[in-house]
Structure formats: C-alpha cells, structure tokens
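Before any comments, here is the structure.
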Amino acid sequence: MFKETQRRWKGDYPGFIYCPSALSPSLISTLSHLCLSSYCEPPHETNITLLPLKPNEIISDDNTSMFQKYVKGLDVSQEYRNFGKLSWATCGYNYDWSLRKYHEDRKSPFPRGLSTLSSTFAALTNEGPFNPQASIVNFYNSKSLMGGHQDDLEFTFDKPVISLSMGLPAIFLLGGNTKDETPTPILVRSGDVMIMSGDSRLRFHGMCKILTNEGSDFTLPEVDEGLVCSEDEQITHFEVGGDFVEPEEEEKEKVEEFLKTHRINVNVRQVLPDGQDRIPDNEE
C-alpha cells in the first residue's frame, strides 16, 4: 500500500516522521470540507461553546451549519456561532483545556474515515495497532500562533500523534524534552503529514508563524513528488470508512477560498492503552 516516499527526519529526532505532499489535492479538499462542515458541528465540541454570549449576539434557531451560511455568503457577524470565532474543534474524547484532561462522559463519535486515514499513517511507525480516540482540529488565521507544549495528557505515550495540514504553509517548531532546548524550524505545507512517535512523542512543539502569499520573506522550495498512498487509495480509505461525501462544486470553491486565508491542522491520537476501553474513575 505504501510507496517509499516518507522521510524520516534527519537529525536528533528519532521517531519523528515527515511525509511531504502526503495528502492529494482532492483529499485536502475533502478533509477540509469535513472539518468545516461536520467536525465543528454537534455532537463535536468547539471553543465557541465555552464563550459567553455577548449582548449584541444572537443564537440562530435553525439547523443551518456555519459552513452552509459561509457558502451562502450570509452576514453572520452578530451570530454566536461563526467561523470568525472558531479556533478549534474536538472529535472523540473532548480535551478539557481548562483542567488539561480528558473526561469519559465528554466524547463524541470519532469520524470513521479519519480513523482509517490516521491509522494508515500510524502504521509507518511500526508501533503496533493504532486506535484513534481523540482529534483536535485547529483553525488558524494569518495571525495565529501555537505556543510550545507537550502532548502529555493521554494515558499511553507508546502510540504516535498524527498531524495533517491543509491550507496556508506554516513554520512548525520541533524542540526537545524541555523548553530550554532550541527548537528546529520546519516548513510545513498543505498536504504534509507529520508523525511524532517513539522518542519524539513527548517533545515540545509549536507553531510560530503562518505564511501568507503576500509579504512573505520565506521561499517555499520544491519537494519530492509522490504520495505515501496514491490518490485512489486515499479516497478509498474515506469510502471504506463511510466518511467520504463528495462536496458540491460550490462547496469545493468555498473550501478553496477558506484555505487561501487559513490553515487547518488535524491531529489524531490514541488516548487509552491497548485493551482499556474507558478512563478509570479515579482519573476523572
């Protein structure tokens, strides 16, 4: 199934795998469409649900999604839920940002297609079976940052974190086991996949800059052609998972429009050790 195109990062980062152009253009469009139309809608949680309602805001009583309103070009500036306020969404186990923990009673169904796709990349690590149980979808605008942090709240660290990138390129920082170590900047483009496993699973990492097409001092070098999976194989993963829905042409155009000014990052991880099906009560 795999073509030998993945790159194991050359340097002091064993377990870090960088897969350039691993997502085909059609898969970028499809996955981005799911992020905008499904993964940020109930029963999944978003940052918006944690925000208080402002005096000038209204809560729409219809079932029109944020993406449907975006496609229609509606004025949503006074609406409580809109893309201008959206910064993250969670699928599967919801990550409690205030308490920095997961809760057994706060989880949504994990998207089947995303599960199959992330498991495909997890297989590159040779770390055994991978059970995707939590995903954080980050929506970045041109001014967004992500501070240095560790993904250290899961109950197992012997499974990788899979990171899928769509939209604007960004400067990703990969550090060490403490914040005192100088991080390595890595240019991440739309369609790139990064895998943090083994000794790199708990390294500090973050994002220091989104690169826009205008006014950028960075030159984007060419990367090797070739995909980890062929485009047909990638689409099959979504079809087999029951999560692939071909967007309408108008929706595809609006997804492309969104990606010209934003970056979407989907990261997937296993929360529980193999053989464990719930968070212990004493860990709640």
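These residue numbers are counts, starting from 1, taken along the chain as shown.
Backbone N, Cα and C atoms are what each Cβ position is placed from, and that goes for glycine too.
Unlike curated entries, TrEMBL annotations are predicted automatically.
When H44, H205 are compared with the Fe cation site residues H149, D151 in TrEMBL, the one appearing in that site is H205.
Excluding H149, D151, H205 themselves, the residues of that chain whose CB lies within 8 A of the CB mean position for the Fe cation site are, in sequence, G148, Q150, D152, R203, F204, G206.
When the binding-site residues H149, H205 are compared by the number of other CB atoms within 10 angstroms of each CB, H149 has the fewest. In the three-state DSSP scheme, H149 (Fe cation binding site) falls into the strand class. Here the Cβ of D151 (Fe cation binding site) has 18 other Cβ atoms within 10 Å, regardless of which shown protein chain they belong to. Summarising model confidence by region, the domain 'Alpha-ketoglutarate-dependent dioxygenase AlkB-like' (68-269) averages a pLDDT of 86.
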